[in-house]
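J.: Below are the features listed in Swiss-Prot for this protein:
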type     : residues                       : note
REGION   : 115-327                        : region 'TRIAD supradomain'
ZN_FING  : 119-169                        : zinc finger
BINDING  : CYS119, CYS122, CYS142, CYS145 : Zn(2+) 1 binding site
BINDING  : CYS137, HIS139, CYS164, CYS169 : Zn(2+) 2 binding site
ZN_FING  : 186-250                        : zinc finger
BINDING  : CYS237, CYS240, HIS245, CYS250 : Zn(2+) 4 binding site
ZN_FING  : 277-305                        : zinc finger
BINDING  : CYS277, CYS280, CYS295, CYS297 : Zn(2+) 5 binding site
ACT_SITE : CYS290                         : active site
Amino acid sequence: MDDEYMSLEEEEDNCYPSEFDDHDQMCSNAEESDLQHSREPTSQVITKEALVAAQKEVLVKVMEFLSVTENQARTLLIQYQWNVDKLFSVYTDQGKDVLFSRAGLTVFDPSLTKKTMKCDICMEEDLSKYAMTRMECGHRFCNDCWKEHFTVRINEGEGKRIRCMAYKCNTICDEARQLVSTELAEKFDRFLIESYVEDNNMVKWCPSTPHCGNAIRNIKDDGDVDEVECSCGLQFCFSCLSESHSPCSCLMWKLWKKKCEDESETVNWMTVNTKLCPKCSKPIQKRDGCNHMTCKCGQHFCWLCGQATGRDHSYSSIAGHSCGRYKEEKVRQLERAQRDLDRYTHYHYRYKAHIDSLKLEDKLKKSILKKAVLNSETKDQKVFKEYSWIIDAVNRLFRSRRILSYSYPFVFYMFGKELFKDDMSDEERNIKKNLFEDQQQQLEGNVERLSKILEEPFDEYDHEKVVEMMRHLTNLTAVVDNLCKEMYECIENELLGPLISGIHNIAPYRSKGIEQAAEFSASSACGSS
């Protein structure tokens with residue numbers, strides 16, 4: 001054990017930058033970095049039961065500010081995607097008439113109400129006032145026609161914005177529940193409640209499968225990409241609702257997933273390793289050194305040029321056939337396909353290797369926690385009672401391993417020519433690629449060292465050896481944290497920062513991991529929700 005740690009100390013000069021000598025300073029820097037990104041929770045979990053309260057608080061704010069009914073407030077908020085600041089801005093800058101008009105609201109003028117009790121839809125006359133219903137716009141029709149209108153719209157999924165039946169009236173009718181069956185009324189209310197999530201850019205359903213029923217609300221309305229953890233345990237990107245994929249941008253991750261799932265690389269492999277039969281066009285793979293090929297359909301052809309030939313041949317030639325001119329474009333196409341295939345294989349292999357390591361280390365984490373708990377109960381040493389150091393190390397391993405895995409798709413697109421062909425010269429691309437891969441390699445080496453130390457049977461060590469292991473793990477954990485931080489700074493400032501396009505923003509690095517969304521409480525709701 002001691003000899004092993006001596007060798008580790010000898011390696012530290014190569015793996016540890018000099019500024020990492022002061023461990024307390026490193027931990028302080030990591031905490032300060034997290035505080036810079038978030039001093040308060042930036043997201044909230046809204047349970048299915050709390051959705052009504054979350055929606056109600058925003059409705060009340062609009063109702064009080066504009067002196068409108070709940071129905072009118074909801075219609076306005078749906079129009080402006082539940083963005084109260086935007087709604088108030090339109091009201092302040094352009095007035096109430098413009099605000100109402102855009103949302104399909106009409107101020108009721110009693111003088112325009114017809115005196116006759118006739119329904120202009122079914123043309124039935126002499127109806128009692130109890131058989132007719134007037135909407136906020138002032139238009140009045142019989143209850144049967146309203147019921148039919150509401151029933152059709154609700155069943156067609158248009159319950160959130162049911163317009164008045166009157167000709168050219170765009171007023172939104174919100175009184176459906178009083179005129180339809182109990183079942184449809186519940187469905188209508190569900191549409192209105194869910195609109196708080198589905199029409200709201202700052203609130204999204206947790207993408208868990210099966211669905212946990214929670215929604216996540218982004219408190220800070222700054223447009224930045226962020227990652228969040230729902231109370232159900234799922235971590236995901238709030239912007240694209242995919243799994244957490246930082247340091248990849250949402251577009252990079254979307255393209256990478258598609259590339260891994262579709263047949264683009266299979267096509268490249270087929271181009272490199274097979275030739276199409278000139279008769280039936282089926283792909284043929286070469287298995288030996290002879291250039292004479294025979295398809296199952298009976299067609300003979302030359303492997304080198306793909307042209308149809310006769311049957312007679314020797315190992316070195318085919319009777320009556322000589323390959324034509326050098327087909328430069330076909331050769332270039334073949335070389336390009338081979339190069340693309342090799343490049344994709346290189347990055348995918350490393351991405352997959354780290355994903356597989358994460359799965360194995362999940363078992364390691366459970367084993368370590370079990371050992372730590374058992375030792376804290378059976379041993380009297382202080383170090384076993386306080387084993388947060390090893391939990392911190394395991395969590396750091398998981399966070400850094402995941403960052404490493406997603407850094408390979410990032411490199412694939414950052415330094416390829418699919419997205420940034422015109423953003424960098426070849427020379428600049430190579431320089432930046434080498435610098436980034438140096439950082440990536442340094443992080444990778446320290447992550448593997450962290451993983452190796454965590455595999456040690458610390459539960460079998462005496463007190464002195466455990467203290468020594470704790471010291472090494474604590475230092476290495478801080479090193480890995482700082483390397484992750486430096487990688488993100490490089491990506492944000494040196495790689496993505498100079499680009500003109502702003503579509504490749506990434507979620508910020510957080511030393512303590514992805515933020516767990518706070519529990520929603522009505523008093524904490526903000527106006528821009």
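Each Cβ is built from the backbone N, Cα and C atoms, and glycine gets one as well.
Give me the lay of the land around each of these features.
T.: DSSP gives CYS145 (Zn(2+) 1 binding site) a helix state.
Under the DSSP three-state reduction, CYS137 (Zn(2+) 2 binding site) is assigned to coil, being neither helix nor strand.
Taking the Cβ of CYS240 (Zn(2+) 4 binding site) as reference, residues of its chain lying under 8 Å away and at least six apart in sequence are, in sequence order, CYS250, TRP253, LYS254. In three-state terms derived from DSSP, CYS240 (Zn(2+) 4 binding site) belongs to neither a helical nor a strand segment and is classed as coil.
DSSP gives CYS280 (Zn(2+) 5 binding site) a coil state; it is part of no helix or strand. Within the same chain, residues at least 6 positions away in sequence whose Cβ sits under 8 Å from that of CYS280 (Zn(2+) 5 binding site) are CYS295, CYS297, GLN299.
Within 10 Å of the C-beta of CYS290 (active site) there are 14 other C-beta atoms, taking all protein chains into account.
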J.: Non-local Cβ contacts of CYS119 (Zn(2+) 1 binding site) (under 8 Å, 6 or more apart, same chain)?
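T.: Set apart from CYS119 (Zn(2+) 1 binding site) by at least 6 residues yet with Cβ under 8 Å, we have LEU127, MET132, PHE141, CYS142, CYS145.
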J.: Using DSSP, tally how many residues of the zinc finger (186-250) sit in helix, strand and coil.
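T.: Secondary-structure breakdown of the zinc finger (186-250): 14 helix, 14 strand, 37 coil.
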J.: Give me the count of other Cβ atoms within 10 A of the Cβ belonging to CYS142 (Zn(2+) 1 binding site).
T.: 21
J.: Across the zinc finger (119-169), what is the average pLDDT of the model, as a whole number?
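T.: Mean model confidence (pLDDT) across the zinc finger (119-169) is 84.
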J.: Would you identify the secondary structure of CYS290 (active site) according to DSSP, in three states?
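T.: Going by the DSSP assignment, CYS290 (active site) belongs to neither helix nor strand, so it counts as coil.
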J.: In sequence order, which residues at least six apart in the same chain have a CB under 8 Å from the CB of CYS122 (Zn(2+) 1 binding site)?
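T.: Counting only residues 6 or more apart in sequence, the Cβ neighbours of CYS122 (Zn(2+) 1 binding site) under 8 Å are CYS142, ASP144, CYS145.
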J.: Let's check the environment of CYS297 (Zn(2+) 5 binding site): how many other CB atoms sit within 10 Å of its CB?
T.: 10
J.: Do you see any of the recorded positions HIS245, CYS277, CYS290 whose C-alpha is within 10 Å of CYS169 (Zn(2+) 2 binding site), and which ones?
T.: none
